[in-house]
Amino acid sequence: MSKHMDMLLKARDDQLSSISKAINSTEIPVKEKHARRIILGTHREKGAFTFWSYALGFTFPSSSILCWKFCHVLHKILRDGHRNVLQDCTRHYSSMVEIGEIWGNLHDRYGQLVTLYSKLLCTKLKFHTKHGDIPANLEITDEELERAAGTDINNVFQLSVEVFDYMDAELRLAETVLRQLNSSLAMTTLTSSQCRLAPLIQVIQDCSHLYHFAVKLLFKLHACLPADTLQGHRDRFHDQFHKLKNFFNRAKEMIYFKRLIQIPKLPESPPNFLHAASLAKHVKPVVVIPNEDEPEMQDDDDDEPEPLIEVDNVTTSSVTTSSVQAQPQQVDIFDQTFGPPNGGFDDRDLQIETLKRELELLRAELERVKAEAQRYITQLKSQINSLEAELEEQRAQKQRALVENEQLRMELEATRRRNTEHESLQTTFIEAEKRAQATEQRYNKLKEKHTELVSSHAELLRKSADTVKMLSVTQQTQEEVERTKQQLTFEMDRIKQESDMKMEEQRFEVERVKRELEEKMAEVTRIKATLQSSEETSEQINSSMTALQTEKERLMRSVSEKEAELSSLRQTAQLQQSSLQQERDKTSRELGELQGKLKEKTSQEEKMKQKLLEEQFALLQGTITEAETIIQDAIAKLDDPLHIRCTSSPDYLISRAEAALGSIDKVKKGHADYLRNMSDAGTLLRSLTQFSHLTADTIVNGSATAHMAPTDHADKLTENCRSCGTQSLLFLGEMKSKATLQKADPATIRIIIQKILHLGQELRPKGLDVRQEELGDLVDKEMAATSAAIEEAVRRIDEMMSQARKDTTGVKLEVNERILFSCTDLMKAIRMLVIASTDLQKEIVEGGRGAATIREFYAKNSRWTEGLISAAKAVGWGATEMVESADKVVLHTGKYEELIVCSHEIAASTAQLVAASKVKADRHSKKLTKLQHASRHVNEMAANVVASTKTGQEHLEDKDTMDFSGLSLIKLKKEEMESQVKVLELESMLDNERLRLGELRKKHYEIAGVPLDQLAEGNGETSSLVNPVTMSPKPLKPSLMKKPPLAQKPNIPPKNQFAYSFK
């Protein structure tokens, strides 16, 4: 009993040791043997009480890697541990949720993975707690899945939704892990990458089963529900199918998974759930874990391997062997060093040989068992295939039975409907019989009364004949009325319809009376006895005939009235027709007279129009002749010796060329308008006049500008001006002739003037893009923008200070506060410098402008003004860049060197602003003295920023102690050579970077429009400006162009007294 307790305690200690080794903050994957021991411990104690009692002591918020490995181990014991593990883990569900929430609020790469993993485990716990029939490893048969789903289609529907949610949680974790590996370009052979990839083995195992569950459940749903209802399920399954296939394909390509797991292959396309026979094509994906011994070495802290099987009753030899394997042997140090005493034979060799033989026997037995298992697997697979075929046949029979059942149900419904109709027909038949009996009774009564009508039969026949004749006459009259009333109004048609209806009613009544009389004539012999009683009936018939006669007379009166109306309408129509004929004759006569006058007017208008066209074209020719004279005069000035002394500026040439281009557009528009309407040439005449003057002005000013331009530009400009004149004359010549007027096009002239415009822009001095009258406004705007940039920088630094106090503590907070305080002081100093510079600038303007305006003063001293603008821009830019660099340094995404360089740039920019302001200031001005004090204060604050940055960098960066005590002379020599190689490489990189800096500055000054030979020249005067006034905020730093001396070999005395013992 005590031995058993000792073994249990030892197993518990081993399990706790494995938990501590498996779950730690080291970025390596969980070893399989540690996880196996933890899983075996759950089977021993039939739960996870020991695991959770130890796991609750972990500080999960301290390390995201610790949480990641904890989730991995928990996932493994949920899948492979004892079945009671699920209940124990459910009790700690809130702890899992808390871990996910903690790391979900932190920006950490492992933290994001821990959040998704905790959500997956919570989803797994809820799913298996709700569906207790499905184990945590998801390994159940199809029949067990059918039982778990049940027969209620609502439960199947809900289970499919939960399986989809389960699969989504698995796939989100896998996609995030693979995305992080892709973004970091990690290799799967690294332990850091394997630490992330290891849990995906359990994810692959879960996903293969969940995919099979989803397919089975969807086929079952489609067999019971309409396809439209399950459209959302199909779309969600297709999306998960493509994600899962992509995940499996990417995992197959990774070397890490190839030796650990055999990933199944999914079909090329998802199953067709609308076709029930597709279920037979579905193959359940099976994940295979190779049963290979791990080539892992025993750790130094692992005392002994874990015994997997406990045997109570064994033989003596087996006890001896197991004791040798399970218990550590006490080895004597002397025997271990010098071997057994007296060269005797050690018993351990015999035990080793015995164990080897037993191992060979066990291996042979294992191979035999594997072969037998493979044979059983093959037989089972064949049985499975046959059973699946039978199952498919049963499904087909079931489908056919369902179809036949549906047909029978429809036939039953039809039979029920027919029975219902039959019952209704029987009821109708009974009612018809009752009505027939009542009719027969009424017939008998009528037959008794029918004898009374014999006496009046002859009279009725006569009256009937008269009525027929009257009806025929009426019908003929009505047909005539119909033929003559085709053009009458709707009222006549309505009256006709009423008459027809009444006539039809009378005809129907007469025919009915005829039928009754014919029936009664057969019974005359039988109804003579009732002649007296028929007198009353005859009186009634006489009254009815009287009524019919009255109705007939009324109809005749209405017909006569309609005929009278028709005759009056005919007379009215004849009168209207005669008046219309007279009007038509009169109109035709007047139309003939008007057509004659119109022809005369048209001929006169044609003559006037032709005359107008000739006059307009004559005016056009005169205008073109005058334009040709103007352009010829401009071309003649190109070769005029007196014109050589005339000069013009590129700016004026550009303005003339732009105006000429605008006139070409107007000429083109006027030309198009004239071609559409040649009777109006006003627009074309005005545009041609403007075109000739502006083109001639462009040619003359182009030639004058060429006199001051370099040779190449002068030749090109003169040639283009000459070509412009020639093409203009050709265009005007085409406009003078009617034959070539249509095809005249000024496009060639436009191209040449655009060339002249381009040459003028090239000759224009760079840096003068801003017009002179705008310089004054631009100075004020730039100074205001600089002040605003500094205010914004101070505000952002305050925000960064508040954020740093929230996010950092200790040394980092102290360093960040020191750097931000120094930056704030520098910004305040720069703000005072800008204010002092603005005051001095106003003093300079007021003292030097005299009677001129401020704008004229700035325009007169444009070079000095541009210097102020450049300096203001440089200061504002430097403040903005410094804030960005400080933000990056505080967030640990930037470099301290960037902050130092920004400080130097701000100091140089403020010096440039002071120099630009000092050029025209009075030497004894108090505001100049104030500006100089502010400049020195800025330099001091910039030095403070640099010092704070360097001090903070030294505090945060760890320095190597350079301990070379463990190195030999050869290794020291090798390290020395490698250090010299690195020094030379860095010097070469430094030289190249300095050359690149120099070229960048040359290009910068070149783009800014300041020649290199004029860097020291101001606006017509040499000043104390050391740096040129450019549009760039980067001043020259000649000190950076000096190459530092080559690093010398350090003279370090040897620390080892035996270092020089070699010769």
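Going from the start of the chain as shown, residues are counted 1 onward.
Using N, Cα and C of the backbone, Cβ positions are placed for all residues, glycine too.
Bear in mind that TrEMBL entries carry predicted annotations, made automatically and left uncurated.
What TrEMBL says about this protein:
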{"type": "DOMAIN", "residues": "7-135", "note": "domain 'ENTH'"}
{"type": "REGION", "residues": "528-547", "note": "region 'Disordered'"}
{"type": "COMPBIAS", "residues": "530-547", "note": "compositional bias 'Polar residues'"}
{"type": "COMPBIAS", "residues": "552-565", "note": "compositional bias 'Basic and acidic residues'"}
{"type": "REGION", "residues": "552-603", "note": "region 'Disordered'"}
{"type": "COMPBIAS", "residues": "566-581", "note": "compositional bias 'Low complexity'"}
{"type": "COMPBIAS", "residues": "582-603", "note": "compositional bias 'Basic and acidic residues'"}
{"type": "DOMAIN", "residues": "767-1008", "note": "domain 'I/LWEQ'"}
{"type": "COILED", "residues": "967-1003", "note": "coiled coil"}
{"type": "REGION", "residues": "1030-1063", "note": "region 'Disordered'"}
{"type": "COMPBIAS", "residues": "1031-1046", "note": "compositional bias 'Low complexity'"}
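Sequence-distant contacts of the compositional bias 'Basic and acidic residues' (582-603) (same chain, at least 6 residues past either end, Cβ-Cβ under 8 Å): none. Counting residues of the compositional bias 'Low complexity' (566-581) by DSSP class, helix then strand then coil, yields 16 helix, 0 strand, 0 coil. Per DSSP, the domain 'ENTH' (7-135) is made up of 98 helix, 0 strand, 31 coil. Looking at the domain 'I/LWEQ' (767-1008) alone, the prediction's average pLDDT is 72. For the compositional bias 'Basic and acidic residues' (582-603), the DSSP-based tally of helix, strand and coil residues reads 22 helix, 0 strand, 0 coil.
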